[in-house]
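Colleague: Below is a structure I'd like to ask you about.
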Ligand SMILES: NC(=O)N[C@H]1NC(=O)NC1=O
Ligand SMILES: [Zn+2]
């Protein structure tokens, strides 16, 4: 009789093709059997009767702060939050940790920190800035999934936004290296000019901040970087897209054969600009929250498959940086990486009829495939045994104390979610169960 490390019995398994009752057998961290009834024995058995089993999520856009700003969010607090939210891997942005990930030496520091402190599997974006074109190759050799650039101010002086020359040249190099470039797309002139103007006029409320970053600033930047992608043949990924018109440009570019994908994030699918006054600083992000009509159209794009990925853009900061009567001076970034699966189950599956297969593709398989992370993102023989066991019909209100973030705040607190993560399993090992982290940091480096 076959012997396994783990058998999970009686769960309803969400694969990339079906939702059905299956048993799952795991050996050495990998799914080795997947069928209605497994007869073997295992060191550990889990009875998942009544639970749905989704692939562990992959958050391809988080800003953790280790090394260097570990007092904003450490890898331990950040990855505990991911685990509590059913997420089993992530890609960290090249900022806001310090030093920023713009060369090989800095990359090595980050990798060392993750080896020690990450509870889930990890990978990294390298930075693309005006100062590091000559370092892209060494970052590629070390295993970054691609390069991240900003077309506007990044929020931090030490990570300079890319001018058009840098984008064009950087995309040429990335194309040669076979890696994608991910762009934070907002027009720098429009956002800077409006910001300066409003501050000069003493207009510094949340509404003024919203008005300083109109939809056109995203749409223009998306259009421009798509043109560079067409010319350079670079794989392009649009980060945290917030406008339906931006997604429409991506759709049209794909029809022309340009290799472009896009992600959106929970906040644009949950809140509108009218919520910002009530939320205050914890709801400040760039691009900002949008009008109700835009939010609904963005959902339509998600539902028909025009948006490839939903992730978090988790960008925490200490309370001090979230306090200023001038809203422009408040740190821009939302804490949300614990809630991506919850948002997609509640708003996507329960409220809008998005299938569980599509939910899991948006948060697991699509990012893994786009960024070349092999054997992740779905429950399948030969794939890593990364899973979230979910009580799909259980409702709960998210409370501050449920959060594993270093700063236990999030705009998502107080919302009623349906679909509770009961247990998270990384490569066959339970890392989160019944509200508690139950593992040491066992994360492993993932590279394309
Ligand atoms: N630096 C940083 O975290 N920036 C992020 N925050 C945000 O709101 N948008 C971003 O790109
Ligand atoms: Zn960004």
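Cβ atoms here come from the backbone N, Cα and C positions, even for glycine.
Copied straight from TrEMBL:
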- 52-430: domain 'Amidohydrolase-related' (DOMAIN)
- 61, 63, 148, 313: Zn(2+) 1 binding site (BINDING)
- 148, 184, 240: Zn(2+) 2 binding site (BINDING)
- 148: N6-carboxylysine (MOD_RES)
Colleague: What is the Cβ neighbour count of residue 184 (Zn(2+) 2 binding site) at a 10 Å cut-off, with all protein chains included?
Modeller: 25
Colleague: What mean pLDDT score does the domain 'Amidohydrolase-related' (52-430) have in the model?
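Modeller: Overall, the domain 'Amidohydrolase-related' (52-430) comes to a mean pLDDT of 98.
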Colleague: List only the single closest residue to residue 184 (Zn(2+) 2 binding site), chosen from the binding-site residues 61, 63, 148, 313 by CA-CA distance.
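Modeller: Of the binding-site residues 61, 63, 148, 313, 148 has its Cα closest to that of residue 184 (Zn(2+) 2 binding site).
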Colleague: Running a distance check here. Ligand 2 versus the binding-site residues 61, 63, 148, 184: which have CB less than 6 Å from one of its atoms?
Modeller: 184
Colleague: Counting Cβ atoms within 10 Å of each candidate's own Cβ, which of the binding-site residues 63, 148, 240 comes out highest?
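Modeller: The residue with the most neighbouring Cβ atoms within 10 Å is 148.
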Colleague: Test of understanding: give the count of other CB atoms lying within 10 angstroms of the CB of residue 61 (Zn(2+) 1 binding site).
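Modeller: 27, counting other Cβ atoms within 10 Å of residue 61 (Zn(2+) 1 binding site).
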Colleague: Show which residues of the chain containing residue 313 (Zn(2+) 1 binding site), separated from it by at least 6 in sequence, have their CB under 8 Å from its CB.
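Modeller: The list for residue 313 (Zn(2+) 1 binding site) reads 61, 62, 63, 239, 240, 265, 267, 285, 333, 334, 336, given in order along the sequence.
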Colleague: What binding-site residues among 63, 148, 184 have a C-beta sitting less than 6 Å from any atom of ligand 1?
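Modeller: Near ligand 1, sequence order: 63, 184.
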Colleague: An 8 Å radius from the center of the 148, 184, 240 Cβ atoms defines the neighbourhood of the Zn(2+) 2 site; name the other residues of that chain inside it, in order.
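Modeller: Near the Zn(2+) 2 site, beyond 148, 184, 240, sit 61, 93, 149, 150, 182, 183, 185, 239, 313.
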Colleague: So which other residues, same chain and not among 61, 63, 148, 313, have a Cβ within 8 Å of the centroid of the Cβ atoms at the Zn(2+) 1 site?
Modeller: 62, 93, 125, 184, 239, 240, 311, 314, 315
Colleague: For residue 313 (Zn(2+) 1 binding site), which DSSP three-state class applies?
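Modeller: It is coil.
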